[in-house]
Amino acid sequence: MTEAASEGTESFAFGAVVERRDELDGRPWISYPVRVVADTPELVAVHLSHGTRLTFGDDPFSWGPHPWQLFGDRWQSAGILQLHRPGRGHSVWVLRDADTGAFREWYVNVEAPWRRTPTGFSTLDHEIDLVVPADSRTLRWKDVEKFEERARIGHFSPEEATAIRAEAADVAREIAAGEQWWDTRWSRWEPPAGWNALLQSFETEGS
């Protein structure tokens, strides 16, 4: 059984509306509904629609308010596909141009391996990101300084910080060698008709 299935729930069906959340201090820091594209031992893929409602946990949190809270309670960018290989400490976001819808870049979000819950998936962002433009294998590291500051002030233990750095470095090497685990054809994936409708919450939409 994969780590993403560790709590014993069954795989979610294609099109199911589930909760995707970051959990901090034992409670949701941010959560939002997504639609399931794939849920297998090798791949979990979910779609976040433009305009989806974002729900933020009530302060105080040890890391402060979630940074997305500055931008309101809706996902304002184009819809995105999030790809996760169970057990790995990152997900890959397929980012598109907001105006044209054209594939723009792979955005590797370093985070805790997704943990399956009865309502969806739980993780926690680890700050470091890798950005790979559509026309290049050349990647750009992002927010390393933020991660190192969190490590310095104790938001990550020394062991956790070492593991996070290693995960980011492993993904960077895989990309540079053209050996990334995800299928690049996902850059051409389009959501089915009706999936761009606004999602308010996983409870109401998934019932």
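Even glycines carry a Cβ here, placed using N, Cα and C.
Of the residues Asp135, Asp143, Swiss-Prot places Asp143 in the same divalent metal cation 2 site as Glu127, Asp129. Swiss-Prot lists Arg74, Gln76, Ser77, Lys142 as CDP-binding residues, and of the candidates Trp63, Trp68 the one it assigns to that same site is Trp68. Within 8 Å of the Cβ centroid of the divalent metal cation 1 site, not counting the listed residues Asn109, Asp125, Asp129, the chain contributes His90, Ser91, Tyr107, Val108, Val110, Glu111, His126, Glu127, Ile128, Asp143. Long-range Cβ proximity for Asp129 (divalent metal cation 1 binding site), meaning a same-chain Cβ under 8 A and a gap of 6 or more residues, is found for Tyr107, Val108, Asn109, Val110, Trp141, Lys142, Asp143. Across the fold, the C-alpha of Glu127 (divalent metal cation 2 binding site) and the C-alpha of Trp68 (CDP binding site) stand 13 Å from each other. Binding of CDP is attributed in the record to Trp68, Arg74, Gln76, Ser77, Lys142, and the widest Cα separation among these residues amounts to 23 Å. Counted over every protein chain shown, other Cβ atoms within 10 Å are most numerous around Lys142 among the recorded positions Arg74, Lys142.
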